[in-house]
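Heads up: the structure comes next, in structure tokens.
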Amino acid sequence: MNVFNNLSTLIFLPLLGAILLLFVPNNIRLIRQIGLISALLAFIHSLFFWVRFDNSTAHFQFVEQMNWLPSSNIQLYIGIDGISLFFILLTTFLIPICMLAGWSSIQNYRREFMIAFLVLEALMIAVFCMLDLLLFYVFFESVLIPMFLIIGVWGSRERKIRAAYQFFLYTLFGSVFMLLGILFLFFQTGTTDIQILYTTEFSERRQILLWLAFFASFAVKVPMVPVHIWLPEAHVEAPTAGSVILAGILLKLGTYGFLRFSIPMFPDATLYFTPLIFTLSVIAIVYTSCTTLRQVDLKKIIAYSSVAHMNFVTIGLFSLNPQGIEGSLMLMLSHGFVSSALFLCVGVLYDRHHTRLVRYYGGLANTMPVFCAIFLFFTLANMSLPGTSSFVGEFLILVGAFQSNTFVATLAATGMVLGAAYSLWLYNRVAFGNLKPHFLATYSDCNRREFFMFLPFVIVVIWMGIYPQIFLDTMHDSVMHCIEHSRI
Amino acid sequence: MNEWLYESAWLVAILPYFASLVAGGGLLVLRKATRSLREWHRTFLMGSLATSMILSFLLVQAQLGGSGPYRWAMDWIVSGHLRLQMGYLVDPLSSMMLVLITTVGLVVMLYSHKYMAYDQGYVRFFVYLSLFTASMLGLVLSPNLVQVYVFWELVGMCSYLLIGFWPNRLGAAKACQKAFVTNRIGDFGLLLGILGLYWATGSLEFGEIAERLARLLASQALGLFFPTLCCLLLLLGPLAKSAQIPLHVWLPDAMEGPTPISALIHAATMVAAGVFLIARMCPIFQQLGTVMETMAWAGALTSLLGASIALTQTDLKKGLAYSTMSQLGYMVMAMGIGSYEAGLFHLVTHAYSKALLFLGAGSVIHGMEPLVGWDPAKSQNMLLMGGLRRFMPITGTTFLLGTLSICGIPPLACFWSKDAILAGAWAAHPILWTIAWTTAGMTGLYMLRIYLLTFEGRFRGGSLLPYRSHQKAKPQEDGGMTSCLLILALPTVAIGWMNTPWFHLGPGPSPSLIAFSSMAVSSVGIALLGGCVAFLAYQRATLGLSGLSYQWPQLHRASYNRWHIDEIYDRSWVRTNQILAERASALDSWWIDGVANGAGLIGLVSGQANRAWQGGNLTYYALSMTIALVSLLAIVTFSTLP
């Protein structure tokens, strides 16, 4: 029984599924079922951690320790707190749905598809519970490998190879600097255990250099302007399930990194660079929102709106007060659900009509009413309508940002207006107007699999929008802990 | 009794929510079953709203009985020192709004049963209606600004859904987007205003903010500038919702939605939400003179602008929409000059009268559609109507009642309230009064013009009838719809009597008789004058108003084209934004290719450059070794520095 209380079990569970998949006969039903069941088991298992989570402490929980490189004093050290718990839950929540998204649309290498997602799941859970900087880096980078394959193998067009390269190179380019920073830290302090590093003080000049090294890596992941351009490319070329993971989890690695490392470890540098972050984020919000208005590709629209939302998150993080950071966490989670669901919506359309260009669509409200209701719900959630999860996040972020920099909050709030403009523009183009029968000959509404794929999203988004306190309570102590660190 | 009643006041908003969620969920999951059980669903949704209505009446009775305001709230979001609460506040203002919303909502539902009878989205329509009513009830019950904001957006969403109810109409798709985005600009201001006030005072409760603000201003801890700025931003919200200058452009376009919606949302309730919020915020606004003045002038100008545009509209519903805008201007002006009672009074009287007018217009459109075609450009075109009172006597008579009420003819409802506003304006500022008074005259002119063009004279639509055999066909009214008109005619006549010099309901002094009669004579006089002009021009045709428009075609065209404000917005804001978007996306795609090509170029160049170094030339090798050594040394020395 004790083994179920271990985070390492959670990491190995999907891996076990992946290994099992290697040896089963080539029966597609069996392969799918094994994949889905192991992902669902991981999800159920991850829920146990939330149930057993102790809200009243900011310390890391479910801690496990193992010697990894004893000669260099590097240990495999895992544990979670109120911040990382939800990212793990988000990961385990999204993976089964990704499998459902690829249920019938993935036609080749089906076994490998399932394996890729299970491996990806294990790696992502590992990233979020690593408490050792070097190992964090290892898993942070290793996530790229399955993702690169997912885009490259199951992507849709010829351009996918280029997009996959771009994705890989951009993120790798940033990470090199982080590796240098980590090595520097290691040679300075002799350890990469982040709990020790939290309590170590560095001189301001070092902090600035280190902060910049970490920033280079995280900023690409968030992504911040001007290194955001890999994202729309990667999204457009990735299969639906890949887009879901990309938007749902990989983007959060950047903001998670800021919150886990940059802010508590380098408090002086964080204060020093806050104006930079605010400037870049505000530019990104306005700039990408404007760009979104001119896109013709369904996926690009959602990808650009993701950039805008993620930069909202960075504003909240660097406002360095509880409202801002908790709001950011809420918005990250919310964005993980909402934009994933929007990508799934695009996937539903793409599966039927094999085009993502907006101009071929129109009048779907008549032929696909259920789909349009779902699409509308997530469109409204994307523009942070009250009652949905995004509103809670954006409102808290604005409260936080208003206290730390009124001007930035005002500019960021313009994103609200632009967000409404592009979201509604997209929905209206797809759902309203007349049908275009010479482009789209056949119609079918959501089938049962698709409906139940969306249902969990709807429930979670409304739940977080109406009763967010249960999430906030869990993250509160960890966030306060983080803020106290940054005030030292 | 009262205790129990107040404790269950939350049911007023929750019941219709619950009903709409059940029916809406059914529509999504069990589509066929839900649609075939449409009668059952309608009864269910109407029943829940009727229960809310009964509760509202009980609440208003308790409030009039003198029990004080009742407030209940629970924590919704707690984060650091921030505590957001959800709850409800029952006081005279909110209980009055509850009654207004539930009664109009119920009548509109009753009416829609007939109006939407042949529509495919019958159940969906009722679900949206119920959802809207519930959100509106939640809005008026809000005890704090955050809850106001939440429901403020939700009613905006319902308005979006209902304007775009018929997805095939391209106009509707454009209109609902315009409505939502324009309102979002208002919400943007509202949100910033809320945040600013929270930042300044540390509270989100109406009463607390006012108190703390007064203390801060008195102790000079806070200058006038910041709270004024916040309140002006906050004011953007009500201005957008209540279609005031400069954010009024969405309301006429919103007429693309089904007519019952125009009656409920875009005449009676949602557009009045702005006025309601201003009334709630009055203790705060009153401390800031600039805000009050801005409000007064925005309202006065809107009332004049709306009236001047309504003069030339040919679309029945658009004419009424501009009239609504103008009347809302009256209310906002009343708020700005501090006569809250008068403004709220006008809100109530206008709501019933305008709902009656819109439902009457719906009846007319319903009658016209089989004759001239299901095209709003024809079925709502007043130039194709005329003489309809002969075919639709009840619609015609009740429409006339509504028209006279809006014109301010005694003893109908709007007379009493408009008079109170004019009296307030007289006391506040002579120019404001002049504007309001002129508008009253124009109101008489355009309202009677609408009535005369629609219901009097000879039927002009015959020439357009598609088939010869139809030329004998006449527009007909539906019994189910006219019964709703009759119901609404009652408050249109009588609701004004609750606040007259002789009888007064609720708190505050009743208006004095002398001031009242002098105002009454002047306002009724100018309204009658406007009415007479309309009568002579459109009934008798002795007064050539058309000659007037020939003489000054620019003026006519400007009024018909809404003073070109929409075009100016299109050319300035929308166009700027489009150009910005174009540039941004061009930059983005240039950047994507630029980086890829740049990387390739660097590879090429560095390859070429490196070739020279790898050629076996010993000097180069020696040089590179030296460089490497020096840099290594530099790194070592650098990293051992403290």
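Just so you know, glycine gets a Cβ as well, placed from its N, Cα and C.
Automatic prediction, not curation, is the source of TrEMBL annotations.
Feature annotation from TrEMBL assigns domain 'NADH-Ubiquinone oxidoreductase (complex I) chain 5 N-terminal' to B:76-126. The transmembrane segment annotation in TrEMBL covers B:93-111, B:123-142, B:179-201, B:221-240, B:261-279, B:328-349, B:355-374, B:394-418, B:430-452, B:479-498, B:513-538, B:618-641 (among others). What TrEMBL records for B:142-442 is domain 'NADH:quinone oxidoreductase/Mrp antiporter transmembrane'.
B:123-142 is the stretch from B:123-142, B:261-279, B:355-374, B:430-452, B:513-538 with the greatest number of Cβ pairs below 8 Å to the transmembrane segment (B:93-111).
Long-range contacts of the transmembrane segment (B:355-374) within its own chain (CB-CB distance under 8 A, at least 6 residues past either end) are made by residues 104, 107-108, 111, 115, 259-260, 262-264, 267-268, 316-317, 320, 323, 380-381, 384-385, 388, 391-392, 395, 398-399, 401-403, 405-406, 454, 461, 464-466, 470, 473-478, 481-482, 484-485, 488-489, 492.
As a quick check, the transmembrane segment (B:123-142) and the transmembrane segment (B:513-538) miss the bar of 3 or more Cβ pairs under 8 A, pairs 6 or more apart, so the two do not touch.
Within the chain, the transmembrane segment (B:430-452) has long-range Cβ neighbours (under 8 A, six or more residues past its boundaries) at 296-297, 300-301, 303-304, 307-308, 310-311, 316, 319-320, 322-323, 326-327, 329-330, 333, 337, 382, 399-400, 403, 406-408, 418, 421-422, 522-523, 526-531, 533-535, 537-539.
Only sequence-distant pairs (6 or more apart) were considered; of these, fewer than three Cβ pairs between the transmembrane segment (B:261-279) and the transmembrane segment (B:479-498) are under 8 A, so the stretches are not in contact.
Residues 103-104, 107-108, 110-111, 113-115, 348-349, 352-353, 355-356, 359-360, 362-363, 366, 392, 394-395, 398-399, 401-402, 405, 411-417, 504-506 of the same chain, all 6+ positions outside the transmembrane segment (B:479-498), place their C-beta atoms under 8 angstroms from a C-beta of that stretch. Secondary structure of the domain 'NADH-Ubiquinone oxidoreductase (complex I) chain 5 N-terminal' (B:76-126) per DSSP, as helix, strand and coil residue counts: 29 helix, 13 strand, 9 coil.
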